[in-house]
Amino acid sequence: MDLLHSWGVELAVYLQTRYGKYEGLFDLASTVADLHTTFFWLFPIWFHLRRDTALRLIWVAVIGDWLNLVLKWVLFGERPYWWVHETKFYGAGPAPSLQQFPITCETGPGSPSGHAMGAAGVWYVMVTALLSIAREKQCPPLLYRFLYIGLWMLMGLVELVVCISRVYMAAHFPHQVIAGIITGTLVAEVVSKEKWIYSASLKKYFLITLFLTSFAVGFYVLLKALDVDLLWTMEKAQKWCIRPEWVHLDSAPFASLLRNMGSLFGLGLGLHSPFYKTTKMRIMSAPLRIGCIVISVSLLHLLDGWTFSPENHMTFYALSFGKSAVALLIPTTLVPWALSKIYPVKTEGKNL
C-alpha cells in the first residue's frame with residue numbers, strides 16, 4: 001500500500017504545484033459535494049418539485065453515508081496529510097511537502113471517500129429523476145438521447161472535479177475517491193429500486209433509525225472489545241494538522257452518524273405529522289411551491305448558522321441529531337403548513 005500511497009502523494013503535489021490557481025474551484029467542489037448541501041439545499045428544492053425524488057435523495061444519502069462509516073472502520077484508510085509524515089517509505093530522504101487547507105484535516109479514516117461517494121449517489125438520483133421526467137413528458141427520441149448523454153457526461157465531469165479536489169486538498173488518495181464513486185453509485189442503484197421508501201410508516205422510520213444507530217454503535221463496541229481503536233485517526237489529525245482550529249469534531253465518525261440519523265428520523269416525523277397530512281391534501285400552485293422553496297432554504301440557512309461547542313461530546317452529538325431532524329421538518333411540514341394557512345388553497349377531492 002505504501003507504493004500506492006506514494007503515487008497518490010505525488011499526484012497531490014503535482015496538482016498543488018500546477019493548479020494552485022484553481023484552489024477556489026476545488027474548495028467549492030468539496031463544499032458542494034458534502035452531504036450538507038443535499039440536506040440544506042437540494043432536498044427542499046426537490047421536495048416541492050418532485051416529492052419521490054426528494055425522498056430518494058435522503059435515503060440514498062443516509063444509507064450511503066452510514067455504509068461509508070462502517071467501511072471506513074473496516075478498511076482503516078490513511079489520509080495523505082498525515083501519512084506523508086509517518087511513513088517510512090521515503091527512508092532517510094525528505095518526504096514530499098504537502099499543503100494543507102481549512103478542509104484538509106478531517107478526523108475520520110480516508111477510505112472510501114465520503115465526498116466522492118455522497119456526490120455519486122446524489123447525482124445518480126438526480127440524473128435518473130430528470131431522465132424519468134423527460135420520458136413522462138414524452139420527449140422526442142433524438143432530444144432524449146442528447147439529454148441522456150449530456151446529463152451523464154455532466155455527472156462524470158462533476159465527479160471528476162470532486163475527486164481532483166479531494167486529492168488536491170490532501171484529504172484523500174486517488175484510489176479512495178475511485179472506491180467512493182463505485183460504492184456511492186451502487187448504493188443509489190440498490191436503494192432506488194426499493195419502492196417501500198416512498199410509503200414507509202413512522203414506525204419503520206423509527207426502527208430503521210434505531211437499527212442503523214445500534215448497529216454502528218454495537219460494531220464500534222465490538223471492535224473496541226477486540227482492542228481495535230477506531231478513533232486512531234483523531235490523534236493523527238490533531239498531531240499533523242498545521243492549524244488546530246482546522247480539526248473539527250463535526251467531521252468525526254459519530255458526528256456524521258448522528259447527523260444522518262437525525263435527518264432520517266426528521267423526515268419520518270415530517271411525513272407523518274398532522275401538519276403534513278393537512279397540506280398533502282391541498283393542490284399547491286406553482287407560486288406557492290416556489291414560496292415554499294425560497295422560505296425553506298432561507299430558514300435552513302438561518303438554522304445552519306446555529307453552532308454549538310464540541311467540549312461536551314454527548315451534548316454536541318445530541319444537538320447535532322436534533323438540528324438535523326429540524327432541518328427536515330422545516331421543508332416537509334412547517335413551511336408548507338404555515339403558507340397554506342396564510343394563502344388558502346384548494347383541497348383535492350373527487351368530483352361528484
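Keep in mind that glycine also has a Cβ here, set from the backbone N, Cα and C atoms.
Within its own chain, HIS115 (active site, proton donor) has SER30, ALA33, ASP34, VAL162, ARG166, HIS172, VAL177, GLY180 as residues 6 or more apart in sequence whose C-beta sits under 8 angstroms from its own. For HIS115, the entry in Swiss-Prot reads active site, proton donor, with the evidence type sequence analysis.
Per Swiss-Prot, active site, nucleophile is recorded for HIS172. Cβ neighbour count for HIS172 (active site, nucleophile): 32 (other Cβ atoms within 10 Å of its Cβ, all protein chains included).
According to Swiss-Prot, the feature substrate binding site maps to ARG79, ARG166, an assignment based on sequence analysis. All protein chains shown were included, and the count of other CB atoms within 10 Å of the CB of ARG166 (substrate binding site) stands at 31.
The average pLDDT computed for the motif 'Prevents secretion from ER' (349-352) is 42. Summarising the annotation, Swiss-Prot assigns motif 'Prevents secretion from ER' to 349-352 and lists sequence analysis as the type of evidence.
Counting residues 6+ beyond its ends, the topological domain 'Lumenal' (1-27) has Cβ neighbours under 8 Å at 78, 80, 83-84, 87, 89-90, 96-99, 101, 103, 161, 164-165, 167-170, 172-175 in the same chain. Taken from Swiss-Prot, the feature topological domain 'Lumenal' covers 1-27 (among others), and the record attributes it to similarity to another entry.
Look at Swiss-Prot and you will find 49-56 (among others) tagged as topological domain 'Cytoplasmic'.
The topological domain 'Lumenal' annotation in Swiss-Prot covers 78-113 (among others) and rests on similarity to another entry. In the topological domain 'Lumenal' (78-113), the DSSP tally of helix, strand and coil residues is 7 helix, 0 strand, 29 coil.
If you look up Swiss-Prot, you'll see 135-141 (among others) marked as topological domain 'Cytoplasmic'. Helix, strand and coil counts from DSSP across the topological domain 'Cytoplasmic' (135-141) read 3 helix, 0 strand, 4 coil.
Listed as Cβ neighbours of the topological domain 'Lumenal' (163-166) (distance under 8 Å, sequence separation of 6 or more from its ends, same chain) are residues 15, 25-27, 29-30, 33, 113, 115-116, 172, 174, 176-178, 181. Annotation comment: Swiss-Prot describes 163-166 (among others) as topological domain 'Lumenal', evidence class similarity to another entry.
Non-local neighbours of the topological domain 'Cytoplasmic' (188-205) in the same chain are 52, 55-56, 59-60, 63-64, 120-122, 124-125, 128, 264-265, 267-269, 271-272; each lies 6+ residues outside the stretch with a CB under 8 Å from one of its CB atoms. Annotation comment: Swiss-Prot describes 188-205 (among others) as topological domain 'Cytoplasmic', evidence class similarity to another entry.
Annotation source Swiss-Prot lists topological domain 'Lumenal' at 227-256 (among others).
Residues or ranges marked as topological domain 'Cytoplasmic' in Swiss-Prot (evidence: similarity to another entry): 277-289 (among others).
Non-local neighbours of the topological domain 'Lumenal' (311-324) in the same chain are 39, 249-250, 254-255, 258-263, 265-266, 303; each lies 6+ residues outside the stretch with a CB under 8 Å from one of its CB atoms. What Swiss-Prot records for 311-324 (among others) is topological domain 'Lumenal'.
Residues or ranges marked as topological domain 'Cytoplasmic' in Swiss-Prot (evidence: similarity to another entry): 346-352 (among others).
Annotation source Swiss-Prot lists transmembrane segment at 28-48 (among others), citing sequence analysis.
Through the fold, the transmembrane segment (57-77) approaches residues 35, 38-39, 42-43, 46, 108-112, 114, 117-118, 121-122, 124-126, 173, 176, 180, 183-184, 187-188, 191-192, 194, 197, 212, 215-216, 219-220, 223, 230, 232, 253, 256-257, 260-261, 263-264, 267, 328 of its own chain, all at least 6 residues removed from its boundaries and within a Cβ separation under 8 Å. Under the heading transmembrane segment, Swiss-Prot lists 57-77 (among others).
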- DSSP three-state assignment for HIS172 (active site, nucleophile): coil
- Message: Can you tell me which parts of the same chain pack against the transmembrane segment (290-310), counting only residues 6+ beyond its ends and a CB-CB cutoff under 8 A?
- Response: 36, 40-41, 44-45, 47-49, 248-250, 284, 316, 319, 323, 326-327, 330-331, 335-336, 339
- Are the transmembrane segment (206-226) and the transmembrane segment (167-187) close, by which I mean at least 3 Cβ pairs under 8 Å that are 6+ residues apart in sequence? no
- Is the transmembrane segment (142-162) packed against any residues at least 6 beyond its ends, judged by a Cβ distance under 8 Å, and which are they? 25-26, 29-30, 33, 115-116, 119-120, 123-124, 127, 130-131, 134-135, 177, 181
